[in-house]
Amino acid sequence: MDAILEILDPYVFDYGYAYLFPQQTTQPSYGNSTGFAPSSASKNFDDEYSLNFGSSLPRDDIYRQSASILMIAGFGAAFIYVISAALSYYFVFDRRLEHHPRFLKNQIKQEIQSSFFAIPIIDLLTLPFFLGEVRGHSLLYTNIDEYGWSWLAISTILYMVFNDLGIYWIHRLEHHPSIYKYVHKPHHKWIVPTPWAAIAFHPVDGYVQSVPYHVFVYLCPMQKHLYMFLFVCVQIWTILIHDGDMITGHWLERFINSPAHHTLHHMYFTCNYGQYFTWADNYWGSHRAPMPELDPIHEAIRVMQEKGLADKDGNPIEKSKSE
């Protein structure tokens with residue numbers, strides 16, 4: 001998050017905070033007296049700005065940082081969600097699944113509403129993690145030479161394994177009867193999910209499943225730009241595994257927790273808890289391999305054929321405008 005602040009502070013937030021909370025001074029000032037704490041991204045920033053603008057909230061003010069983080073996290077999550085889910089829905093998701101008997105009325109609208117309800121609450125709950133990163137309490141670092149190029153690869157692997165293991169057990173525990181109905185059940189409202197359901201869950205559910213992503217950089221050093229890249233990839237991956245794609249038979253199925261695996265999780269509840277890989281499900285006996293006959297599209301096509309909406313091969317029948 002500090003990497004994003006270093007970009008947005010001098011070009012966006014400095015102006016905004018100077019307008020909303022102007023520095024109480026009548027004399028031109030330079031350097032740190034402008035009210036801004038120095039940052040690596042602004043060392044070469046135009047001195048004319050420092051002469052004419054200033055805010056009573058310096059860049060290292062915890063309240064300013066908190067507000068900035070919430071704006072970045074909220075807008076960023078919404079942007080990634082809308083763009084990724086839209087692309088997945090319109091170009092990958094099989095729209096015939098909307099005829100499945102377990103597909104809810106107005107489901108997509110409900111998924112989107114649930115997602116936008118959850119986003120700001122999750123952002124607020126995760127604020128302490130982001131704030132700790134910005135204020136230097138994590139093990140994020142800037143200079144690659146500090147740990148070497150090989151550590152980029154090693155830390156990436158560790159990050160994915162740590163997250164996969166953590167989320168597996170968090171997810172599995174959420175299915176315990178004493179927890180499920182209070183926290184995780186809202187997400188399983190979508191038996192036949194669309195990409196819009198990726199973050200359509202109880203805010204506490206979204207928060208606890210995100211904890212491993214945040215905790216990792218407090219336990220293990222990671223280059224901050226790599227961390228931000230992987231963090232964004234995680235959000236996109238979460239959307240992709242909700243695309244309902246039941247492509248089966250690929251050798252990678254043995255290792256990757258694919259959309260097919262997660263589709264089965266939504267349908268059968270007690271299998272495929274992993275996030276990226278299948279190793280945890282295999283080891284702890286909760287793996288269910290995707291099989292062509294388990295594809296929910298078969299039931300959806302059957303319903304469509306009964307209603308005269310699909311031909312014998314399952315292809316949608318285009319109705320004329322006169323009908």
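Using N, Cα and C of the backbone, Cβ positions are placed for all residues, glycine too.
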For this session: Would you please say which range out of 184-188, 319-323 has the annotation motif 'Histidine box-2' in Swiss-Prot?
Result: 184-188
Problem set entry | 150-170, 213-233 - the one Swiss-Prot records as transmembrane segment | 150-170
For this session: Six or more residues out from either end of the motif 'Histidine box-2' (184-188), which same-chain residues have a Cβ under 8 Å from its Cβ atoms?
Result: 114, 171, 174-175, 197, 200-202, 205, 266, 269
Exercise. Which residue counts does DSSP yield for the motif 'Histidine box-1' (171-175) in the helix, strand and coil classes, in that order?
Worked result: 4 helix, 0 strand, 1 coil
Exercise. Cβ under 8 Å to the transmembrane segment (150-170), counting only same-chain residues 6 or more beyond its ends: which ones?
Worked result: 144, 208-209, 211-213, 215-216, 219-223, 226-227, 230, 234, 273-277, 279-281, 284
For this session: Averaged across the motif 'Histidine box-2' (184-188), what pLDDT does the model get? Just tell me the whole number, please.
Result: 95
Problem set entry | Residue numbers, six or more beyond the limits of the motif 'Histidine box-1' (171-175), whose CB comes under 8 Å of its CB atoms | 183-184, 205, 208-209, 269-270, 273-275, 284, 286
